[in-house]
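Per Swiss-Prot, the feature active site, nucleophile maps to C128; the stated evidence is sequence analysis. According to Swiss-Prot, the feature Zn(2+) binding site maps to C55, C58, C104, C107. Annotation comment: Swiss-Prot describes 16-139 as domain 'MsrB'.
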Amino acid sequence: MSGDRDDPRYPYPKDDAELRRRLTPMQYEVTQHAATEPPFTGEYTDTEDAGIYHCVVCGTALFESGAKYHSGCGWPSYFKPIDGEVIDEKMDYTHGMTRVEVRCNQCGAHLGHVFEDGPRDKTGLRYCINSAALNFEAKPERK
């Protein structure tokens, strides 16, 4: 991932020193080096509040809470992104597996992977996303 930092496909500029200051070590390793947080440890794995999940690096809105579901995999799972333009997909052949990596389309941050074992009554997709790659913005409660 770090070799993609200057990839012209990603318009959001990233300065490594600034990212290291702003992100936690886990957020940095996940988003910049495609690390994976341990299952069932992420802040948003069990979050059920209404709101929007944003890229922790650039703030792009990525997923709505209405697309989140409990897959039992240990990471937050969504059946679709907020729209088709916010996600970049790339084949990933690491760790002896063939998977589809999911990145933020604005900054290239590694988010997780997408699999074809999601809810069949929705999209059939499971966007398996590291909590460390996300910030959650709760919707204000109505009074």
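Backbone N, Cα and C define each Cβ position, glycine as well.
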Quiz item: Which of C55, C58, C104, C107, C128 has the fewest nearby Cβ atoms, counting only those within 10 Å, among these recorded positions?
Solution: C58
Quiz item: Which are the residues of the chain, C55, C58, C104, C107 excluded, whose CB is within 8 A of where the CB atoms of the Zn(2+) site average out, their centroid?
Solution: Y10, Y12, T31, V56, V57, G59, T60, N105, Q106, G108, A109
Quiz prompt | Three-state composition of the domain 'MsrB' (16-139), taking helix and strand from DSSP | solution = 25 helix, 40 strand, 59 coil
Exercise. State the Cα to Cα distance, in Å, between C107 (Zn(2+) binding site) and C128 (active site, nucleophile), rounded to an integer.
Key: 19
Quiz item: C-alpha of C58 (Zn(2+) binding site) to C-alpha of C128 (active site, nucleophile): distance in Å?
Solution: 19
Practice problem: Summarise the model confidence on the domain 'MsrB' (16-139) as a single mean pLDDT, whole number. | Solution: 96
Exercise. Between the Cα atoms of C104 (Zn(2+) binding site) and the residue listed as 'active site, nucleophile', find the distance and write it as a whole number of Å.
Key: 13
